[in-house]
């Protein structure tokens with residue numbers, strides 16, 4: 001009995017302790033909620049902006065996505081395809097392997113005095129480099145409607161290669177008069193290589209589908225040369241030469257069959273083949289470590305071939321597979337890339353960038369790419385080309401809307417994958433049970449609101465329970481025995 005009395009004496013103290021705990025808990029909740037409200041009301045963001053405006057730039061978009069970039073080093077591709085670059089605005093080069101190449105010079109000084117080109121005699125003597133000659137043939141065959149042989153002169157004595165194209169388009173009138181000739185075609189091909197910065201189309205002049213190109217140079221001279229460090233103005237890239245090949249529709253049927261030889265191989269972080277992403281190794285990048293992209297990003301290249309970065313991945317893959325499987329020589333490698341180009345790269349993308357360059361719109365030079373990195377999960381987007389305008393890369397602010405859209409796409413993709421994951425891990429029976437229980441609850445709420453009556457009352461009389469009256473107001477027990485009294489339903 002004494003223990004019971006003692007317990008009840010301690011009850012007020014226990015209640016006081018409980019009240020203290022409740023007050024502490026409520027205080028903590030109020031403080032945390034207040035801090036959250038202050039953080040999300042925009043005050044701190046406004047103060048941060050006012051403090052950093054004009055001083056600092058952020059590379060974080062949508063709070064979690066960091067803007068990253070990579071620069072591709074395409075010098076390793078010279079094992080299987082020609083690379084082109086520029087020393088200045090007038091001297092341009094095509095590299096074949098590491099030992100030889102071609103020099104293409106826009107000049108006002110003539111190198112060859114005669115006006116003829118005896119190709120048949122050169123073929124009989126067979127003294128020139130066949131690899132270099134195949135590149136020249138590609139360049140020459142890319143000239144639209146070549147039928148003006150007087151505009152071309154050649155010299156193959158002693159195994160050297162010297163070809164001179166005469167240009168006479170220094171004025172707008174000359175450009176219009178010679179529109180569609182071989183000289184104009186040479187300039188058009190040169191522009192397709194994204195080289196001729198001193199070539200322009202006056203007032204958008206065009207006749208019969210040909211752009212009338214104007215230049216201040218009189219000659220284009222092509223010569224073989226030893227390979228040195230010529231690329232001082234631009235980095236070596238295969239895209240100029242491949243842009244010529246992509247215009248040759250007659251190669252398409254041959255090239256489509258070649259893709260069975262090569263597979264879309266993916267590599268893990270150690271370089272081992274693994275179908276779970278693609279890693280750009282150090283030799284593929286400029287001043288950067290290995291960069292890996294997940295299956296989500298790379299899979300888009302297999303689904304739709306409409307990104308410049310996908311073209312570069314295919315070129316790297318082609319280069320690796322050609323060296324590993326075929327061990328091709330120089331001349332054979334040129335022939336191979338000539339046939340495979342339409343299966344590796346999207347010629348519509350190349351033409352679109354070429355037209356952008358002509359019209360002065362920012363275009364892609366296939367060298368620098370940007371992508372978004374999710375700081376929470378480490379996932380990356382598929383890199384997109386960093387556009388070039390007037391010889392320099394655009395500032396980030398010029399394509400901030402594209403960055404925002406890519407961040408939104410990544411958020412949408414994340415939500416979709418999360419939904420699919422949850423759908424795959426949740427048993428179907430459990431989902432059915434949830435739907436049934438929810439429906440049952442809603443029906444029960446409706447039934448509760450309408451208050452269904454349960455028994456009869458005599459009008460003006462108290463509740464007859466436990467007696468159950470029939471429609472005549474009579475109960476069989478005999479207590480309610482007067483029939484005909486008015487009744488009503490009650491709950």
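A Cβ is built for glycine as well, from the same backbone N, Cα and C atoms used for every other residue.
Per Swiss-Prot, the features are:
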BINDING   455, 457, 463  Zn(2+) 2 binding site
DISULFID  85-231  disulfide bond
DISULFID  117-154  disulfide bond
DISULFID  179-212  disulfide bond
DISULFID  279-292  disulfide bond
DISULFID  301-310  disulfide bond
DISULFID  364-385  disulfide bond
CARBOHYD  78  N-linked glycosylation site
CARBOHYD  88  N-linked glycosylation site
CARBOHYD  98  N-linked glycosylation site
CARBOHYD  108  N-linked glycosylation site
CARBOHYD  118  N-linked glycosylation site
CARBOHYD  166  N-linked glycosylation site
CARBOHYD  224  N-linked glycosylation site
CARBOHYD  365  N-linked glycosylation site
CARBOHYD  373  N-linked glycosylation site
CARBOHYD  390  N-linked glycosylation site
CARBOHYD  395  N-linked glycosylation site
TOPO_DOM  2-17  topological domain 'Extracellular'
TOPO_DOM  59-432  topological domain 'Extracellular'
TRANSMEM  18-33  transmembrane segment
TRANSMEM  433-453  transmembrane segment
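Locations of recorded Swiss-Prot features on the structure.
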residue: 78; record: N-linked glycosylation site; Cβ within 10 Å: 20
residue: 85; record: disulfide bond; Cβ within 10 Å: 22
residue: 108; record: N-linked glycosylation site; Cβ within 10 Å: 11
residue: 117; record: disulfide bond; Cβ within 10 Å: 18
residue: 166; record: N-linked glycosylation site; Cβ within 10 Å: 18
residue: 231; record: disulfide bond; Cβ within 10 Å: 18
residue: 292; record: disulfide bond; Cβ within 10 Å: 18
residue: 373; record: N-linked glycosylation site; Cβ within 10 Å: 18
residue: 395; record: N-linked glycosylation site; Cβ within 10 Å: 9
residue: 463; record: Zn(2+) 2 binding site; Cβ within 10 Å: 10
### Query
Could you tell me the C-alpha distance between residue 154 (disulfide bond) and residue 455 (Zn(2+) 2 binding site) in angstrom, no decimals?
115
### Task
Return the single residue from the glycosylation sites list (88, 224) that has the minimum number of other CB atoms within 10 Å.
88
### Task
Grab the same-chain neighbours of the transmembrane segment (433-453) for me: Cβ-Cβ under 8 Å, and only residues 6 or more beyond its ends, written as numbers and ranges.
489-491
### Query
If you take the centroid of the Cβ atoms of 455, 457, 463, the listed Zn(2+) 2 site, which other residues of that chain have their Cβ within 8 Å of it?
456, 464, 465, 469, 490
### Message
I'm trying to understand the geometry here, so how far is the Cα atom of residue 78 (N-linked glycosylation site) from the Cα atom of residue 108 (N-linked glycosylation site), in Å to the nearest whole number?
### Response
31
### Task
Run through the Cβ atoms and count how many others sit within 10 Å of the one on residue 279 (disulfide bond).
18
### Query
Are any of 231, 279, 365, 390, 463 (the recorded positions) within 10 Å of residue 88 (N-linked glycosylation site) when you go C-alpha to C-alpha, and if so which?
231
### Task
According to DSSP, folded down to helix, strand and coil, what is residue 301 (disulfide bond)?
helix
### Message
Need this for a regression test: recorded positions 231, 301, 365, 373, 395, 457, filtered to those with Cα within 10 Å of residue 385 (disulfide bond). What's left?
### Response
365
### Query
Looking at the recorded positions 301, 364, 365, 455, 457, which has the shortest Cα distance to residue 108 (N-linked glycosylation site)?
365
### Summary
Min neighbour Cβ count (10 Å) across binding-site residues 455, 457 flags 455
